[in-house]
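Under the heading transmembrane segment, TrEMBL lists 24-47, 53-76, 88-111, 157-181, 242-261, 273-293, 300-322, 328-351, 372-390, 396-418.
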Amino acid sequence: MSTASATIGRRASIWSNRIFTKMYSAYAISSFGEWFDAFAIEILVAYRWHADPFMIALIPVMMALPGILFGSFAGVIADRWKKVNLMLLADAAETLLTILLLFAPGMYWLLPLLALRAAMGVFRVPAHQALTRQVVREDQLLKATSYNGLVNQFSKIAGPLLGAVALTVISPQLCILVNAITRFFSCVLLFTLRHIDENAKVEKQEEAVVAENGEEVKMSFVQLWKQGWAVLLQRRILCSSFIINMIVMLVILMIDFQFPTLYREIAPHNESLLGSMVAATGVGAFITILLLNRLGKVRYGLGIGGGAALIGAAFGSMGLLRTGSHEIWSIVLGLVIGVGNGLFIVTYNYVLQKETPEGLTGRIFGIQNMSVSTMMIGAPLIGGLLIHGMGVSKVFFLLGTVVLIIGVVCMGFQRILWPAKFQTTQPQEMREVSG
């Protein structure tokens, strides 16, 4: 390619890509609905049904089971099958199941419906990532990933914030209905993409291997699945980041779904404070992502370790809040959690995108989703039991301290955990991601 052609290619905006624009719009609409829905469910079970902390802990467990059973295999399917069809079917099924949630009379109906809805959503993330890899130019791939992260954080701000306002006027059930409506519009957008050429594409280079006689032999489903795991475990940077992420997630997930329990103690008559705190985390993460793009680049160890340290410090400090504590502390600590979360998640996803060979995106993200889902089975249950025995504030303080220590250790040993000589490429300037 000539220099002039390359320059023209670089100047072309990603928003001129009609397929990506529709995909992005569908993702943005559904992400908003998810956060609106999640906050409404938290309020419904904690404040309206007065569910036990252990029953609250079962919510993430039921939502994680499908990811454990199908997560890594969903990545293989996303790499081989029609991506738009997978996303369309997932959104349609989630729309129907969300409507059924409106008629759930209690936790024993709510939990299985959430599990079924989560099962439909297992295929959406790897399919979205794999299709993005196909429809977006290589030099714009990280830019697309960053925009997806930004819309997720914006949804985290707008969803709970508007949900908190809406709950002062309408019921949690009507807030859940908003998610069903957004899913329907997402389906409509994806429906218009079902005939695109990329929808029928399969990563041919990853499906066949050359046998000893020189003939190509098609790789089986299991071989493709094993290939994804082999790449993850054999690449030092990917493996180190993956292990650290799992350790941090294990500790965080013990208490992440117990915020309603905590705020039921420190703000029993202020249901909207929880939504304001969650929205503050979205603001912090959103600002952090923008700042990282402006700074240009970030060290893997500093981003992952520093993000974990900030999250741990804020979680631990929340354990020190008491009934009557000023609301501003919840907002400030929410911002700190958001800054840490933005730093941690952006850096980790940056590592996955940077170090993953082309053609295995769906599988790597499928493995990631499956692993997080596995953590969600045991971690919330352990957290619920700890809270029963020790109290919610003390557990927040102790586990927050653990995450803080992990983050500090990661920063101190970053040259060992993420040595530059094992990186497949030198750290790319992150302003390429910002657009």
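Keep in mind that glycine also has a Cβ here, set from the backbone N, Cα and C atoms.
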Annotated stretches the transmembrane segment (300-322) and the transmembrane segment (242-261) touching (3 or more Cβ pairs under 8 Å): yes
Other parts of the chain folded back onto the transmembrane segment (88-111), taken as Cβ under 8 Å at six or more residues beyond its ends: 26, 30, 37, 41, 45, 49, 51, 55, 58-59, 62, 117, 120-124, 127, 173, 176-177, 179-180, 183-184, 186-187, 190-191, 194
Stretch with greatest number of CB pairs under 8 Å, the transmembrane segment (242-261) reference, 53-76, 273-293, 372-390 candidates: 372-390
For the transmembrane segment (53-76), distant same-chain residues with Cβ under 8 A (at least six beyond the ends): 41, 45-46, 107, 110-112, 114-115, 117-119, 121-123, 126-127, 221, 224-225, 228-229, 253, 256-258, 260-261, 362-367, 369-377, 380-381, 383-385, 387-388, 392
